[in-house]
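Quick look at what TrEMBL annotates:
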| type | residues | note |
| --- | --- | --- |
| BINDING | 172-176, 276, 332-336, 360-365 | ATP binding site |
| DOMAIN | 55-142 | domain 'Phosphagen kinase N-terminal' |
| DOMAIN | 169-401 | domain 'Phosphagen kinase C-terminal' |
């Protein structure tokens, strides 16, 4: 027998044995992870988790108590799903228990709306834990996550109406949008150094924005109560939730607010997200507030690109930030509306569901905060249109109920 024969026989045996092994027990494939497979495999070596010596038991021993949990995390997480995520870790050190921590700290109330109950420590979390995050996103937003890239539309001229709400009912409006910055961890997981770098980047980008929209940057630690009143800012101390989840670590270090001199735009830096742009109007002109956000957001996007730190974008999800409740567009349209009769109507929840909006009470009697339920799926213009049309219909229903008339014939068909 030649010297090469043993090697040939061994190779043949290994290949044959391997083929038989896969036929008996094929490798596990989970549908949600399929489209990210090349990325997941590239993240496998080296395994960041191998760098830790965590004092943990088995996945079965570590599985949380979700019996009284009223969050989407609590509804979706199973022992099998937990087991699959258990030994994964992003390159910056985010493990799955970091992701589900908010829902364990605040399990929610069964009488109230369900929150997502989870948060991403970095952008890579959405890929590494995609089997979990995609399910939460689909449940919260009512929209399937697919391989198609979500549509985006910042052409504010496509919005119909928005400048003609009845001021007898509509009191105030606000349009806001959140963005994450590439190569930085999100607030729950970022270091002091990262947070300070983010503030430096914001200074540079906003300095360029000031060339066309004059404004000034103020550090939270330097703001006194009089300045807060002048700027009409609500700067309460961080909430207990922000403290428990780590969002408010080192408060108020490197937190800042930029305000335009004409009062049309405020930019929050390093608060619940890297950036949050807000346009508030007391004349309830949603069209103008939306236009302000579209124009200045696109300018800041270009400035951040020039600084080599673009906004975080994922092909299947669109824009992503720390919360899966904001993926897609990160856009929130809010209108404060006076309603006395409609909130007591038996079809309240049915109407809100059909209109795809939510309505939350405020501290003022008969004043409600109406906003979009989802941020993922529809484009920016479509989401704004949903709120504009929804508020107009709510006001029309309120007027009918004031006159003792029925509203059934103006309730929209299920969308």
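Placed from the backbone N, Cα and C atoms, the Cβ positions cover glycine too.
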Cβ-Cβ under 8 Å from residue 361 (ATP binding site), same chain, 6 or more residues apart: which ones? 343, 367, 368, 369
Around residue 172 (ATP binding site), how many other C-beta atoms are within 10 angstroms of its C-beta? 15
Among 175, 332, 364, the most crowded of the binding-site residues [Cβ within 10 Å]: 175
When the pLDDT values for the domain 'Phosphagen kinase N-terminal' (55-142) are averaged, what is the result? 92
